[in-house]
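These come from TrEMBL:
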| type | residues | note |
| --- | --- | --- |
| TRANSMEM | B:12-38 | transmembrane segment |
| TRANSMEM | B:44-71 | transmembrane segment |
| TRANSMEM | B:83-101 | transmembrane segment |
| TRANSMEM | B:113-133 | transmembrane segment |
| TRANSMEM | B:179-207 | transmembrane segment |
| TRANSMEM | B:214-234 | transmembrane segment |
| TRANSMEM | B:240-259 | transmembrane segment |
| TRANSMEM | B:271-293 | transmembrane segment |
């Protein structure tokens, strides 16, 4: 850790004048293992802001930190219900090639007050600025409606999260933010991006990867279901028959 | 007590799932229905993905029916010949159902079709049972001797060729009738994730005219084999059978089934039928309201 810090600081020490501040981010967990007791994880994203010269610049606007955690992207189909002949049925639909399965943004202040709309769109900061490219063409009106529907649904499932004020900056140099990951996230590679922002401009950005995977029994079951599905099905049936039979025997003996 | 489900990819309260299984098991022991028509919707309400719910509740129904089948065999309440024909029809039906399921899924109308089928089935069968059972109860209260039930099969059934004797059921009918009945139930097993007992039992009584003493046992016998086949179909195609979820449901339901079977012996059958009719009608009404009321979620997401 210390050595990495030094390494990161080296170029700074060499060219101090006019240099931008540098971010040294880290996450509390690089690997999240899903075991039987997994009910979600609390991710701590923390780090330091290194200013040129090692001093806080005076007289400048305060810096802000925005942290974005993204899950692996998925191709999804969004359907909209409509009332047809008295009953609600799926009617219109829109396919998205790559929507993040999980998206959480934590910031030191509400994002709208940190950056303008254009910057938010470039860096995909905030739920309103997600760039979900629809696979089929639709009018921008329809597109907006579907995107709002998708984001709303995901947000209520706890998979899209906006947490303004969840990042704390101490003495202008140390920051820490919390993002909770619900149990129903898909497994895969997550990224934690950290942005250092001042005066509406992104001064520095850094990315850390987080691997979420099943381990132990959960991994064994998921693999078995996928790779030896016939055997898995037979085991499931055998388990049901055995449990049912045992219960019958127990009840009979008592009766 | 939270537990992570490896296939459903989420964590659930294990006690809630066991309790759900227990309640459904009680019903299955009492009425000889698998209880899938309750498990699947309840699991979906709890937040389990629909495919996983249907696939895993099929294996739960298998377990719940095992002890019932054994109990009925000991009492001589299973017509094996009739059961065999129903199972054959059921397996063909479940394969056809799997094809139909995929087709409807591609059209995006699977949810609506499932709901509409549920409403039609539950409404008509529940109504029929409620009328019959309340009639029987009224007669008992008026002190009239119970009307000797005319154990007659439907004229259409009598018209089918290749008649054969089903001794335990006391019938001389064509095996095509139970084969078709099994086929229809098999489709429903895959489509709705149900055992089909609540269709089979009334159909056996009112359409085939089977002897009541073997109806429940034979229905459970068919349910046992067809849900086992459905579990295999799901395990190899949708890969959505969650063995942990199924195990939790089983622990509850096998216990409930035993309690239910014991309780059933003490209550008059027409009261049982009326109670089942009311449950069936309530579930049907709930699903009907879901269809016509503006849904909470206008949008739905599906991995593509």
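In case you wondered, yes, glycine gets a Cβ from its N, Cα and C as well.
A TrEMBL annotation is a machine prediction, not a hand-curated record.
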Compare B:83-101, B:179-207, B:214-234, B:240-259, B:271-293 by their Cβ pairs under 8 Å to the transmembrane segment (B:12-38) and return the stretch that comes out on top. B:240-259
Taking the transmembrane segment (B:44-71) as the reference, which of B:83-101, B:179-207, B:214-234, B:240-259 gives the largest number of Cβ pairs under 8 angstroms? B:240-259
Most Cβ pairs under 8 Å to the transmembrane segment (B:179-207), of B:83-101, B:240-259, B:271-293, goes to B:83-101
Count the CB pairs under 8 A between the transmembrane segment (B:83-101) and each of B:214-234, B:240-259, B:271-293, then give me the winner. B:214-234
With contact taken as 3 or more Cβ pairs under 8 angstroms (pairs 6 or more apart in sequence), are the transmembrane segment (B:271-293) and the transmembrane segment (B:113-133) in contact? yes
